[in-house]
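Colleague: Next up is a structure, given as structure tokens.
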Amino acid sequence: MSGFRVLDLVKPFSPFLPEVIAPERKVQFQQRVMWTIITLLIFLVMSEIPLYGIASSDSSDPLFWLRMMLASNRGTLMELGISPIVSSGMLFQLLQGTKIIHVDMQNKNDRETFQTAQKLLAILLAVGQATVYVLTGMYGPPSSLGVGVCSLLILQLVFASTIVILLDELLQKGYGLGSGVSLFTATNTCEQVFWKAFAPTTSTSAKGTEFDGAVVAMFHLLGSRKDKKRALIESFYRPNLPNMFQLLATLLVFFAVVYLQGFRIELPMKSTRQRGPYGSYPIRLFYTSNIPIMLESALASNIFIISQLLFMRWPNNLFVKLLGTWDARAGSSQLYANGGLAYYIQPPFNFTDALLDPIKTTIYIAFVLGSCAVFSTTWIEISGTSPRDVAKQFKEQGLVIAGHRDTSAYKELKKIIPIAAAFGGATIGALSVVCDLMGTLGSGTSILLAVTTIYGYYELAVKEGGFNKSIVSGFSDGI
């Protein structure tokens, strides 16, 4: 390729960026499992190590409802979670999808430069987010902490984010299974759901001391109350603490997503190079997996962060108010959007709130479904799964769609793949909205990411580990 491109600006930084060297040969499945477990353990340890030097972390949390999805744990090395990686990926997706930057993903040098640019931006975003967090007083007044402690806090956050970037790269380059982003999110979500279901800790409310875990609370109420019916009802609908209805809603969503994973269109294929039985190429409903909802959440999280920080600094500015106004709910120091753009893209607290403000609910649903559909259709263009890319793969492998000419593969795929991507993205967005309205144990986004990731790992185990596929045959084989 000739001429100067914007992407070439990152090439001078390439030698200075940490990198995971790709394996020279394919890593065995057992070794990949081992490296995946090691990566997961490193993430879990970092999630429990508190930041050194913080005076307080009791201020309002801009990422309160997104921490589970971002695999973030406040006040620890994993404060930023996967936010820098996801935000960087989202930005470069938009730049490439709108043709602001031109990348030939079939060209190895272009692909490596593109990945380097994403990594560089992720590190720069980590530096920016860490600096904003520290200087806005999330860990105590900067004047009280001092320059040395503030610098140390920023350094810790950037170092931890760099480790997360490398762990993700380690998995994606073939040493492990899947991607670090999905793995960390799924692990964080499963951990939080398990804790909310079985936590033995207690909280004090107007009704007295109650167990935090929904299952533990149910057995305690049934064992300590004479009126079993009333105790059972309370365990299902108790406010302000995890309840059994939320747990059952979470399980319902889990099985619904697994069931929908099986929806697909099978294109019959035949080889032009050899005779034999026809194979098939599946085009699934969730063609782009959980990418759309992850990018939608990254977009929303950045709007929430910017809006809250600007409102804390300039609460009377008209532009800032249009972006979002914030206030704490009764009995909590946590700020929530109560006006502006941030309010309308913030999920309703529950189904009752959704009914009380139908305009907000309608705008929120339209935003989630629309952005997921757009991100999904854009993603196929840069991930090598567009109709043109798939048709090219067919041609290289000597495959054609049975009953069609060699040259008609692109036309046939163009009729199906973009629709599957858009509809699948909107569907996963709709499931996220349903989760938020039903009040599952965790946000709709995080639950969906966890389920699709777990299912993806199951498929990897079937494909590469030779495990029996009959586990979910009842959900998908007959579809």
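Placement of Cβ uses the backbone N, Cα and C atoms for every residue, glycine included.
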Colleague: Which stretch, out of 77-97, 182-202, 329-349, is listed as transmembrane segment by Swiss-Prot?
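Modeller: Here Swiss-Prot associates transmembrane segment with the stretch 77-97.
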Colleague: Would you say Swiss-Prot puts ILE21 and MET438 in the same topological domain with respect to the membrane?
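Modeller: No, opposite sides.
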Colleague: Tell me which of 297-314, 441-458 corresponds to the transmembrane segment entry in Swiss-Prot.
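Modeller: In Swiss-Prot, the transmembrane segment feature sits at 441-458.
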Colleague: Please compute the mean pLDDT of the model over the topological domain 'Lumenal' (435-440).
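Modeller: When the pLDDT values over the topological domain 'Lumenal' (435-440) are averaged, the result is 84.
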Colleague: Near the transmembrane segment (34-54), which same-chain residues lie under 8 Å Cβ to Cβ, leaving out any that are not at least 6 residues past its ends?
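Modeller: Contacts with the transmembrane segment (34-54): 27, 71, 73, 75-79, 139-140, 145, 149, 152-153, 156-157, 160, 163-164, 167, 170-171, 175-178, 180, 183-184, 187-188.
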Colleague: Is it the case that the transmembrane segment (416-434) and the transmembrane segment (77-97) touch, counting contact as three or more CB pairs under 8 Å in which the residues of each pair are 6 or more positions apart?
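Modeller: Checked: the transmembrane segment (416-434) vs the transmembrane segment (77-97), no contact.
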Colleague: Using DSSP, what's the helix, strand and coil tally for the topological domain 'Cytoplasmic' (98-119)?
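Modeller: Tallied per class, the topological domain 'Cytoplasmic' (98-119) gives 12 helix, 0 strand, 10 coil.
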Colleague: The transmembrane segment (120-140): which same-chain residues, six or more beyond its ends, come within Cβ distance under 8 Å?
Modeller: 10, 13, 17, 51, 53-57, 59, 61, 75, 79-80, 83-85, 87-88, 91-92, 150, 153-154, 157-158, 161-162, 165, 305, 309, 312
